[in-house]
Amino acid sequence: MIKPSIALILLFSLLPQPGLTLISPAAGNISNHPILTAQGDRELTEEQFLQRVTVRITSETNRGSGTIIAKKGDNYLILTNAHVTRNTKTLQVQTYDGHSRAARIVPNSLSENQDLALLEFSDTRDYLIATIAEFTINQNRIGLEVVAAGYVAETGQYRTTKGTLEQVSDRPLRDGYSVGYSGDIVQGMSGGGIFVDGELIGINGRSAHPILSNYIYEDGTKQPTDAEIQQMRAVNWGISINTLLTYIRPEILSAYNLPLPPVNPDIETTAYTGYIAELETKAKGFTVRIDSSSKTNGSGVIANGSGVIIAKEGNIYTVLTADHVLCGEMARTDSCADYTYTVVTSDGKTRNIEKSTIIRQEGVDLAVFQFESQDNYPVAEIANYNPNTDDFVFAAGFPKIGQNPSKWLFSGGTIHEKELGLLLTRQSDLSTQQSGTLQSVASLTGGYELVYTSITFGGMSGGAVLDSQGRVIGIHGRSEGAGGGKIQLGYSLGIPISTFIGLQERLKVKPQLLTTAQPQVSQQQKQEISQAIAGVIVPNTSATADIWIERGGQLWRLERYEEAIKAFDEAIKQNDPKNVYLAWYGKGLALWDWKGLALFALDKDQPAIEALQQAINTLPKGEDLKEFHSSILQQQSVVYRFLENYEQALTVINQAISLFPNNPKSYIIKYLVLYDLKRYDEGLAAITQAIDLAPRAFWYAIRGSNYSLQKKYELALDDFNKAMKLNPNYAMAYFGRGELYYYQKKYKLALDDYNKAIELNPNHAGAYVNRGSIYYYQKKYELALADFNKAIELDSKLAIAYGNRGNIYNDQQKYELALADFNKAIELDSNDAETYSNRGRFYYYQQKYELALADFNQAIELDSKLAMAYSNRGNIYNDQQKYELALADFNKAIELDSKLAEAYNNRGRFYYYQQKYELALADFNQAIEINSDFAGAYSNRGGIYYNQQKYELALADFNKAIELDSKLAMAYNNRGGIYYYQQKDELALADFNKAIELDSKLAIAYYNRGSLYYLQQKDELALADFNKAIELDSKSAEAYNNRGNLYYLQQKYELALSDYNKAIKINKNAWFAMMGIGLVKYEQGSISEAIKQWEKALIINNQSAEIQLALAVAFYHQDEKDKALKLAESALSINSQLANIDFLKKILRTNKIFADVQKLLAHPELKNYVNQ
């Protein structure tokens, strides 16, 4: 039986075992050419040098070797294998001179589980330090001569063996083994160095032909084949010195002044499953690798690019790629370099590319070529549409990273809508050119318009940019570079497929599978994509500053801002004067973008400003960096604007423009700042400058919006139309034109544009908000609510959506929901004056007048030109009987907005209650002229007509109000009032009931219904309604008066008098209550007191028929017949209905005054007057 512990030792260790034959120390010869020592004291041969840097390591159980790699004071650092030091209590290190001393393991020295260990020993004697090779071991180094050194375990003799580099695995084996080499390695040599020309490239660890073949890749992915394992068994395996330098703790690296490893800015992606795996498989099928006879940077490494199979006819395949892939460094010239190219398909087959099949298009970085094959390869589906911001995308191709062979990468990310993307990119090489559609439009040099976050590398140029359904929407070709283009920092850039479609005739190719449909992916699929992107691994091992900067940029793209900041900080620590400014710049970007996740809580704005300033402070001098300096200032201006430091934002962006005046982005930023400063004319000049430099649909849409706000509607319309001409599928252009039509009250046209915007961009939250607003004004509340809900679903921080939804809930009497939405809107945007105004309106109808007034005041403080806030505040002042303040606010609202129908309506109500009926009527007429669909204004004007006894006109207005708004409770109430006086009791009752059904808190409806019940002698119902009216509106003098009337008829005189007096306390001019007190006094026999009350009432309202008739009765009773008859005739001339005994009986019932009225009306003179 084989014991597992023994097998493990045989495989992973070169420790002595009984019965194994030792190799002679003389095996292999090495060069004896001299090597200059680190101390520079004398020259040694290579053999002598290697022996001096190699040590013997012993313990109570193990024997091995090690290599001296660094020194700090009297402390020496030794590199060996972890298995040499495993399970030991004491360690001894013997140097070449035979001296031994105790050694200690450096704790926590490595950040990964590699078969490496670091030891320290102290000694005052000087020992040589191994020279660490500066070059990287990769497959291009195969065939190099190597020398391995170490001590034989059994004899303790030092020995070297010579061999060649046979294998280099770009995917390390378990425990970090990646260097395969020949030579006679014996037990005890573990930890000894592997050298090339005297420079340390790694350490020994595993010998050839082990008993067990446990060759497993470290990353756990697809394992070696049997044939590959046999090749691996044939050689020794060591661990590269770069593995140590990569995974050693940074503090140890720094303390011992070890060099930073020459690593590449690579990433790792986990093996995809499910939906992503399906997309990747599909992409692999139609993606090809294009190899060139050119060499990467003169290194001897073959350069490559990628391409996409877009058509097949017979055995002829057509591939779309980037032009520079087929033209090398001469892509931007009129001719290509004289290189040869091959195409490698998904099955690994290689074919030559015939130059005669290559077709290019000058000015656009696209080209096509053809190859012939009888094999069957899939053809890519092409999708020609405008991607929207935050849509998921994948970049697919074959990156060549460093000196490693090209490999497949399927890199997920998100894309920006192309108009916005070009504004976000740092690139400024926008130019106007003739594209395939013969439409003049500005794009980045080569036709680049797509901006996305997928991490890409050299070698992926010409590969596809795929949407979330795996359809080709663009061709990748560039990444934003910095530091002379050597460091990636920014976005990836591609050419939209629409450009290719416009060029297809010139390129003599027609895509085989073409669609214009937006991607349709489920929520589950979106979640899988999001998780795949989040799972990208960006190394955090030791590296040079330029690599840390690229890692920071990659993490920034992945929106892992905290990690990005740490990466940039690592580069800043190294303070490399060539690139530290890029690290500060990247940190500033990450701090700024962190705002989307945690800014408000963590206050990252000011640190972003400081980081960007450090970028400027550390920027190397030179004309070639003026453009980058300008980019830093652009970003600073953006942050200052967010901080509302508009003057500083303007100063900084002007500096950016002075440094680099031809970047349109600077003028866009300047426009936004000037807009915030309300310097609209200067802002208009800035946006026009951007358009002159590089016409884009976005620029025109911005200027169109500017014109809209200035009510220059013709100019605005012209700009929106130009935007659509440049980009027919630009959702924002339709959105902007929809706003224009909305301002012009062309709601059908606005609705059409918002529908189009949503069709083009189903995730445009703003379009749903605006469409919902139209539905709201069209009283299509369910549709409006659905749109506001959708907007909030898409953007949970969109304050205006909550504010608008709050208005609907308020109208639907869902008051808790309404208040919650108004509060949420204010929480998200505490500077939105309109939301304060709307919440104030809510509080007003809740009769929380102090809260309402506070909100209206806040709205006006935030926006002193918000007419609606003045109009709403005027209502409060009116209700508080602060009439001068109310009128001033109504006038101010109309001064600010002469088209604000609500302000005229509110002022009309003010005049109405001031009994200035002609002024009120004029205002209601004006409100209706401005807005012929204003139901409330019709209802209010009907009230004027009613008081003027123009009942037909009043009834027409109330009917119109109800036609326009079938849920306007007040209109039903008012119409019920007409039916009431027309004695159409059933119609009146139906309307009062409807009003209460629609608004259970409408006090006046209860009051009116109570009055109807009063006439119908349904006293209990009447009393219940009057009580309810008073409960809802304790300031209603009319309600107290009518309840007093009921008590009067019930001969509850004390209760009646109490209610009449409360009415007068509320309204000192409540003549009707004075009339009631007079009635009580009359019944109580105090005729003179009654006359006094009625005369006071008549002074207030000399047109009241009821007062005049009451006085006539009293004077008649006192035998002042002439005076009585004169007053009676006047009363009947005003209201002939008072001559109707049945009507009077309803009102007065059988009280004393009713009998006296009958006597008066029986007078022959009055009978004659009535008959006439």
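Glycine is no exception: its Cβ is also placed from the backbone N, Cα and C atoms.
What TrEMBL records for 1-21 is signal peptide.
According to TrEMBL, the repeat 'TPR' annotation covers 545-578 (among others). Among residues of the same chain six or more beyond the repeat 'TPR' (545-578), those with a C-beta under 8 A of the stretch's C-beta atoms are 250, 263-265, 267, 413, 453-455, 482-483, 486-491, 533-534, 536, 538-539, 584, 586-587, 589-591, 593-594, 596-597, 618, 620.
Counted with DSSP, the repeat 'TPR' (630-663) comes out as 27 helix, 0 strand, 7 coil. Taken from TrEMBL, the feature repeat 'TPR' applies to 630-663 (among others).
Residues 386, 388-390, 417, 419, 518, 697-698, 700-701, 704-705, 708, 711, 713, 716-717, 720-721, 723-724, 770-771, 773-774, 777-778, 794 of the same chain, all 6+ positions outside the repeat 'TPR' (731-764), place their C-beta atoms under 8 angstroms from a C-beta of that stretch. The repeat 'TPR' annotation in TrEMBL covers 731-764 (among others).
The repeat 'TPR' annotation in TrEMBL covers 765-798 (among others). Mean pLDDT for the repeat 'TPR' (765-798) in the predicted structure: 94.
The repeat 'TPR' feature in TrEMBL is assigned to 799-832 (among others). Tertiary neighbourhood of the repeat 'TPR' (799-832): same-chain residues 765, 768-769, 772-773, 776, 781, 784-785, 788-789, 791-792, 838-839, 841-842, 845-846, 862, 967, 999-1001, selected by CB-CB distance under 8 Å and a gap of 6+ residues from either end.
Below 8 angstroms of C-beta separation, residues 799-800, 803, 806-807, 810, 815, 818-819, 822-823, 825-826, 872-873, 875-876, 879-880, 896, 1033 of the same chain, each at least six residues beyond the ends of the repeat 'TPR' (833-866), sit close to that stretch. Sequence annotations record features per position, and here TrEMBL assigns repeat 'TPR' to 833-866 (among others).
Helix, strand and coil content of the repeat 'TPR' (867-900), in residues and according to DSSP, is 27 helix, 0 strand, 7 coil. If you look up TrEMBL, you'll see 867-900 (among others) marked as repeat 'TPR'.
According to TrEMBL, the feature repeat 'TPR' maps to 901-934 (among others).
Packing against the repeat 'TPR' (935-968) from elsewhere in the chain are residues 779, 811, 901, 904-905, 908-909, 912, 917, 920-921, 924-925, 927-928, 974-975, 977-978, 981-982, 998: each is 6 or more residues past its ends and has a CB under 8 Å from a CB in it. What TrEMBL lists as repeat 'TPR' is 935-968 (among others).
Across the repeat 'TPR' (969-1002), DSSP helix (H, G, I), strand (E, B) and coil residues number 27 helix, 0 strand, 7 coil. The annotation repeat 'TPR' is assigned in TrEMBL to 969-1002 (among others).
Beyond its flanks by at least six residues, the repeat 'TPR' (1003-1036) meets 847, 879, 969-970, 972-973, 976-977, 980, 985, 988-989, 992-993, 995-996, 1042-1043, 1045-1046, 1049-1050, 1066, 1146-1147, 1149 of its own chain at Cβ-Cβ distances under 8 Å. Annotation comment: TrEMBL describes 1003-1036 (among others) as repeat 'TPR'.
The repeat 'TPR' annotation in TrEMBL covers 1037-1070 (among others). Under 8 Å from some Cβ of the repeat 'TPR' (1037-1070) lie the Cβ atoms of residues 1003-1004, 1006-1007, 1010-1011, 1014, 1019, 1022-1023, 1026-1027, 1029-1030, 1076-1077, 1079-1080, 1083-1084, 1100, 1148-1149, 1151, all in the same chain and six or more residues away from its ends.
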Taking residues 6+ outside the repeat 'TPR' (901-934), which of them lie with a CB under 8 Å of any CB in it? 867-868, 870-872, 874-875, 878, 883, 886-887, 890-891, 893-894, 940-941, 943-944, 947-948, 964
Do any residues of this chain, six or more beyond the ends of the repeat 'TPR' (969-1002), have a C-beta under 8 angstroms from a C-beta of it, and if so which? 813, 935-936, 938-939, 942-943, 946, 951, 954-955, 958-959, 961-962, 1008-1009, 1011-1012, 1015-1016, 1032, 1143
Of the residues in the repeat 'TPR' (935-968), how many are helix, strand and coil by DSSP? 27 helix, 0 strand, 7 coil
